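Participant: Quick one: this structure, given as structure tokens, is what I'll be asking you about.
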Amino acid sequence: MGDVEKGKKIFVQKCAQCHTVEKGGKHKTGPNLHGLFGRKTGQAVGFSYTDANKNKGITWGEDTLMEYLENPKKYIPGTKMIFAGIKKKDERADLIAYLKKATNE
């Protein structure tokens with residue numbers, strides 16, 4: 001799997017303007033990601049998701065995040081996440097390693 005420290009830098013650069021990871025963190029433009037692993041799409045309490053996100057019905061894990069983060073709009077057509085994605089697989093692996101740790105603390 002990826003490098004947690006590199007993943008943290010990627011999160012700060014590409015994700016933190018819209019997402020928080022800490023327990024009890026507030027929703028921003030995107031939902032708080034605490035507890036992400038093992039949760040189904042569109043399930044963060046108190047966040048207003050698109051029907052596309054709620055109806056996707058997958059459970060977030062390393063494999064689903066690897067695919068989603070490459071091209072979010074392709075993976076969930078109709079998502080309001082405007083992020084274009086991370087094309088480099090090793091960068092996605094680093095980000096996922098960080099998320100796995102940070103969203104579970």
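Cβ from N, Cα, C; glycine included.
Relevant sequence annotations retrieved from Swiss-Prot are reproduced here:
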- Gly2: N-acetylglycine (MOD_RES)
- Cys15, Cys18, His19, Met81: heme c binding site (BINDING)
- Tyr49: phosphotyrosine (MOD_RES)
- Lys56: N6-succinyllysine (MOD_RES)
- Lys73: N6-acetyllysine (MOD_RES)
- Lys73: N6-succinyllysine (MOD_RES)
- Tyr98: phosphotyrosine (MOD_RES)
- Lys100: N6-acetyllysine (MOD_RES)
Participant: Here are some recorded positions: His19, Lys56, Lys73, Lys100. Which one has the most Cβ atoms within 10 Å of its Cβ?
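Facilitator: Highest number of other Cβ atoms within 10 Å: His19.
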Participant: Give me the CA-CA distance between Cys18 (heme c binding site) and Tyr49 (phosphotyrosine), in Å, as a whole number.
Facilitator: 14
Participant: Do any residues at least six apart in sequence from Met81 (heme c binding site), in the same chain, have a Cβ closer than 8 Å to its Cβ, and if so which, in order?
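Facilitator: Same-chain residues close to Met81 (heme c binding site) (Cβ under 8 Å, separated by 6 or more) are Cys18, Gly30, Pro72, Lys73.
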Participant: Between the Cα atoms of Lys56 (N6-succinyllysine) and Lys100 (N6-acetyllysine), find the distance and write it as a whole number of Å.
Facilitator: 21
Participant: Residues near the heme c site, Cys15, Cys18, His19, Met81 excluded, by Cβ within 8 Å of the Cβ center?
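Facilitator: Apart from the listed residues, the neighbours are Lys14, Ala16, Gln17, Lys28, Thr29, Gly30, Leu33, Phe83.
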Participant: Whole-number answer please: how many Å between the C-alpha atoms of Tyr49 (phosphotyrosine) and His19 (heme c binding site)?
Facilitator: 14
Participant: Which residues in the same chain, at least 6 apart in sequence, have a Cβ under 8 Å from the Cβ of Cys15 (heme c binding site)?
Facilitator: Phe83, Leu95
Participant: Just report the maximum Cα pair distance in Å for the recorded heme c binders Cys15, Cys18, His19, Met81, no decimals.
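Facilitator: For the residues that bind heme c, the greatest Cα distance is 11 Å.
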Participant: For the modified residues listed here, Tyr49, Tyr98, which shows the highest count of neighbouring CB atoms within 10 A?
Facilitator: Tyr98
Participant: If you measure Tyr98 (phosphotyrosine) to the residue listed as 'N-acetylglycine' at Cα, how many Å is it?
Facilitator: 8
Participant: Measuring Cα to Cα, how far is Gly2 (N-acetylglycine) from Lys100 (N6-acetyllysine) in Å?
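Facilitator: About 10 Å separates the two Cα atoms.
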Participant: Calculate the distance in Å between the alpha carbons (Cα) of Lys100 (N6-acetyllysine) and His19 (heme c binding site), and round it to a whole number.
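Facilitator: Cα of Lys100 (N6-acetyllysine) to Cα of His19 (heme c binding site) measures 14 Å after rounding.
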